[in-house]
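Listed in Swiss-Prot for this protein:
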type	residues	note
BINDING	R1042	3',5'-cyclic AMP binding site
COMPBIAS	1183-1203	compositional bias 'Pro residues'
REGION	1-75	region 'Disordered'
REGION	121-151	region 'Disordered'
REGION	172-252	region 'Disordered'
REGION	314-561	region 'Disordered'
REGION	557-567	region 'Calmodulin-binding CaM1'
REGION	585-619	region 'Disordered'
REGION	786-885	region 'Ion conduction pathway'
REGION	888-964	region 'C-linker'
REGION	968-1084	region 'Cyclic nucleotide-binding domain'
REGION	1148-1154	region 'Calmodulin-binding CaM2'
REGION	1151-1251	region 'Disordered'
SITE	R880	site 'Occludes the pore below the central gate'
TRANSMEM	657-678	transmembrane segment
TRANSMEM	688-709	transmembrane segment
TRANSMEM	725-744	transmembrane segment
TRANSMEM	761-773	transmembrane segment
TRANSMEM	786-808	transmembrane segment
TRANSMEM	832-858	transmembrane segment
TRANSMEM	859-884	transmembrane segment
Amino acid sequence: MLGWVQRVLPQPPGTPRKTKMQEEEEVEPEPEMEAEVEPEPNPEEAETESESMPPEESFKEEEVAVADPSPQETKEAALTSTISLRAQGAEISEMNSPSRRVLTWLMKGVEKVIPQPVHSITEDPAQILGHGSTGDTGCTDEPNEALEAQDTRPGLRLLLWLEQNLERVLPQPPKSSEVWRDEPAVATGAASDPAPPGRPQEMGPKLQARETPSLPTPIPLQPKEEPKEAPAPEPQPGSQAQTSSLPPTRDPARLVAWVLHRLEMALPQPVLHGKIGEQEPDSPGICDVQTISILPGGQVEPDLVLEEVEPPWEDAHQDVSTSPQGTEVVPAYEEENKAVEKMPRELSRIEEEKEDEEEEEEEEEEEEEEEVTEVLLDSCVVSQVGVGQSEEDGTRPQSTSDQKLWEEVGEEAKKEAEEKAKEEAEEVAEEEAEKEPQDWAETKEEPEAEAEAASSGVPATKQHPEVQVEDTDADSCPLMAEENPPSTVLPPPSPAKSDTLIVPSSASGTHRKKLPSEDDEAEELKALSPAESPVVAWSDPTTPKDTDGQDRAASTASTNSAIINDRLQELVKLFKERTEKVKEKLIDPDVTSDEESPKPSPAKKAPEPAPDTKPAEAEPVEEEHYCDMLCCKFKHRPWKKYQFPQSIDPLTNLMYVLWLFFVVMAWNWNCWLIPVRWAFPYQTPDNIHHWLLMDYLCDLIYFLDITVFQTRLQFVRGGDIITDKKDMRNNYLKSRRFKMDLLSLLPLDFLYLKVGVNPLLRLPRCLKYMAFFEFNSRLESILSKAYVYRVIRTTAYLLYSLHLNSCLYYWASAYQGLGSTHWVYDGVGNSYIRCYYFAVKTLITIGGLPDPKTLFEIVFQLLNYFTGVFAFSVMIGQMRDVVGAATAGQTYYRSCMDSTVKYMNFYKIPKSVQNRVKTWYEYTWHSQGMLDESELMVQLPDKMRLDLAIDVNYNIVSKVALFQGCDRQMIFDMLKRLRSVVYLPNDYVCKKGEIGREMYIIQAGQVQVLGGPDGKSVLVTLKAGSVFGEISLLAVGGGNRRTANVVAHGFTNLFILDKKDLNEILVHYPESQKLLRKKARRMLRSNNKPKEEKSVLILPPRAGTPKLFNAALAMTGKMGGKGAKGGKLAHLRARLKELAALEAAAKQQELVEQAKSSQDVKGEEGSAAPDQHTHPKEAATDPPAPRTPPEPPGSPPSSPPPASLGRPEGEEEGPAEPEEHSVRICMSPGPEPGEQILSVKMPEEREEKAE
């Protein structure tokens, strides 16, 4: 009957083994059921439970939820224990009645079909025994039985069932926080310990309400055995008064009062604030411990059914400080206010989805799951830590099974589960309305931590091990939002070691209102701090958990702190660099650092010409060809394989032009000799075979041209060059040229068989004139001086017209008869030459010709005159055009020269300047062939101009150091803007102080940079490839004036780039612009750096002192300076010492200059002025030169030593001098930074003696 219910309702994931007691119960035919009375729930608890369930899911809770008995009902049951004893007899009689048996059978069947909650963890056996033997939990059986006996009537039972479901439908206020503060005493399992004196007396009854009526204690192993009564706590006076005020049991007024009382409890009541501050703020919290008994042989790792409940305290903001072991007390009234605001919560959809999954599994294994065993759980005592926490607001441990369950949930499963759940709920609701609801364990936030005994309890033994669960993150995940960060110190380990599972809890707020995916959970885990990171670890009896946990926390914290420190240091470094860059830009906006300057595009090498690559390709081919002759083996050049091209380019292929030359020669043979053979008697039977041989050779050339060459010529169609063989052949066959070529090869030679060999039959061979014109155009395109060929061709036209006229004259003479008249040819001499002479005189109309006598002669002569005038006029005009085109450049040059000379004469320019201008015209014309190259480039497109500029100027511009590293395309654009200018010898290219608007690149020749005081000293000579004028052109540092004079040394050809053109180019290349400015700034800085000029000696360095003079000075020193000679010698001696001092100072100055120049080469920046000033000061502060002892007489004479201490070390000492002739030499800075003053001082006494 209930098979469909079993298939519809979800079943537990595993089927545990049946105990012996269960087997015995199944054998019994009619088990006796203890009368169970639905206890009256506490109003506060009932309201709390009704709040935890939304209205839309109430119908589901009607089937599975059971209300806990309230403390007041428990007290009433304890006071009326005698009434319960009397009611047992009536209960047994009612149970034995037929209607009661049907209900009992129906209840037993439903209990077997409806799945029971599955729990995975148990307590220690010691704790279970303690719960069962003594304590407050043992007091729940007797009063419950008494109440059951009181409320066993079916009508009253139905009312209780309606009331219970009404309470679950309507929202209720949250449970007082006092209950949660008193629960840890029960969770410890120490029943023998009395309650603390400071706690109120109502603690015991409220804790009894935590027990479910269907959870018997583990002590009574037999169903009918009753536990020993434990001393019950004193009931409240208020509850006693309430009990005593009610009417008798059978009175109808009692029923009405009871209904009104139940309605009051069912309807929502105002929130009553509990007592606060009963727990000391510094008292340590206790970890949540759940003790669950696992039957032997069951699943080792049972699947846990998890439920997600939205926490009401997610958005709460309270000032709560944490202690190392637990959280501080939260005011109860604040928590209740927050709980009222968060009353509507959603129940998890996981249960519905799990039911669908289990339904599919049970359909496949229908036969095996008909006999479902009940899971026997010893007890479920859950203690929560914290003040102001409601039962539904506890945190739930997050385990690996939770994560697997989240992964299994999908969007499609949600929709299907909701649809199926609605259909099933309607069917189940109709059937459950006819029977009593079953006693189920209340579904809470932690379904894996709560359990329920179906029929009887089994104590924990060796066969029934226990596993203790500890919530290790009680302080890291407080129930209320805290301002202070959670403590990273782990709580002390649990006393149980080998059977403890450490489950750190995680804030459930991260999983609310949606089912997170695997990626979302990974991101949330990464976002957690080391104290909040969920870690699941099985304890090891050999490893202390506290040390391991602290090490993990410390290592994680140290890793995070190291990463944060590295990141902060990196940010500080970046900020410093950015600050320095901003400062640098504020000081000089044009300054760019090396990092900002773009990396120049790698300079691509110009493509190598094709002839250079061909030998490289041919080398490996040559290595393969060897020739073995006799005893030696040598390599020989392989035979080149010539293959006729598949297509021929008629514009650039020189072989085709050569072939056209042969075709034109054949055509000229026919055009010149056919008239001669027809008119003159030069073709005779004796030489006929020679004439025919040449004729047919020309015909073969014609035929090859038509069949081989013309059918392979490329052509342009739609802008594309067609190289397909079929298309080229079709193109030729459809052209006019093919028709003319075909007519030129008409086989009229077969008529020779009838009329004989007549040259006029070959006259169609002259129709191949189109090949002649094509040859002329191709030849002119490849000739450097095409006008020469044009002149020759024009002359040929004139000669051919004379040739035809001579042939006609001989034919006319032969027609009338040779020598018949005075006008005709008389037949004397060479007939062709005499006729040709007559034709020349006739066409040119020289005169002196014989007068025609006959009509034929007159008509023929008139035709000659008209032909001659027309032909010669055309020839002369064409000749003029040809010659004019050949000398057009020279004519332009002369016209420009004449205009310039006329201009200079008009303004009376000096002859020297005029001569320089004329020289420039002549040199420019002869060197370039034109005066201005830009005029030639104007007609060409940009691409061709760029190609020409690259070939002409790229090799020179690429050598310029200033443009190295710049964009290659920028250099190409710059090449098109360059102008070529020729400078004559000693011409000033630019002068110092002028405004710089151009930059110069030397193409050919040399220029000299002048400087010095007079501005005529040659500082440096620049050769081809050098550049100057770029600093003023780039206007770096605000200066755009020339810094030196530049003069052309000889004829110099320069490329000029205007400032305007360069700026237009650099606009499109900002990276190259920065690079050029940076280079120009460095060059300007190096040029402006003060260079130390070599000190000019007052007196030139003297030559070495003669030995004889030194000997004389030595003798004078001995004599002691007596007489005039002694005074003169002393004066000379002092003079020599001055010269020696000057020489030493000059050497010291040279050493200083060398040191500073080496520093400049290394690139060290800084002013050299301070260095220049330090040395003179040191020399000025030097003490006087020490007096040298007199020189011994036998010492060899040598040059006197310098008096300055600044001479280089290692220099040999001079000869010893007398003391009275010592002097003091000082170096002091001059008024200008680069000047120094040398002063020579003598003591006053010595000066007097010297005088």
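Glycine too: its Cβ is placed from the backbone N, Cα and C atoms.
Here the transmembrane segment (832-858) has long-range neighbours at 676, 680, 801-803, 805-807, 809-810, 812-813, 815-816, 821-825, 864-865, 867-869, 871-872, meaning same-chain residues at least 6 beyond its ends whose C-beta is under 8 angstroms from one of its own. Cβ neighbour density within 10 Å is lowest for R880 among the recorded positions R880, R1042. Across the region 'Calmodulin-binding CaM2' (1148-1154), DSSP classifies residues as 7 helix, 0 strand, 0 coil. Remote same-chain partners of the transmembrane segment (725-744), defined as residues 6 or more beyond its termini with a Cβ less than 8 Å from a stretch Cβ, comprise 646-647, 702, 705-706, 710-715, 717, 764-770. Helix, strand and coil content of the region 'Calmodulin-binding CaM1' (557-567), in residues and according to DSSP, is 11 helix, 0 strand, 0 coil. R880 (site 'Occludes the pore below the central gate') and R1042 (3',5'-cyclic AMP binding site) are 53 Å apart (CA-CA, integer value). Of the ranges 688-709, 761-773, 786-808, the one with the most Cβ pairs under 8 Å to the transmembrane segment (657-678) is 761-773. Tertiary neighbourhood of the transmembrane segment (786-808): same-chain residues 671-672, 675-676, 678-680, 776, 779-780, 832, 835-836, 838-840, 842-843, 860, 864, 867-868, 871-872, 875, 878-879, 882-883, 885-886, selected by CB-CB distance under 8 Å and a gap of 6+ residues from either end. DSSP assigns R880 (site 'Occludes the pore below the central gate') to a helix in the three-state reduction. Mean pLDDT, taken over the region 'Cyclic nucleotide-binding domain' (968-1084), works out to 85 on the 0 to 100 scale.
Using DSSP to sort the residues of the region 'Cyclic nucleotide-binding domain' (968-1084) gives these counts of helix, strand and coil: 39 helix, 46 strand, 32 coil. Residues of the region 'C-linker' (888-964) grouped by DSSP class, helix first, strand second and coil last, total 62 helix, 0 strand, 15 coil.
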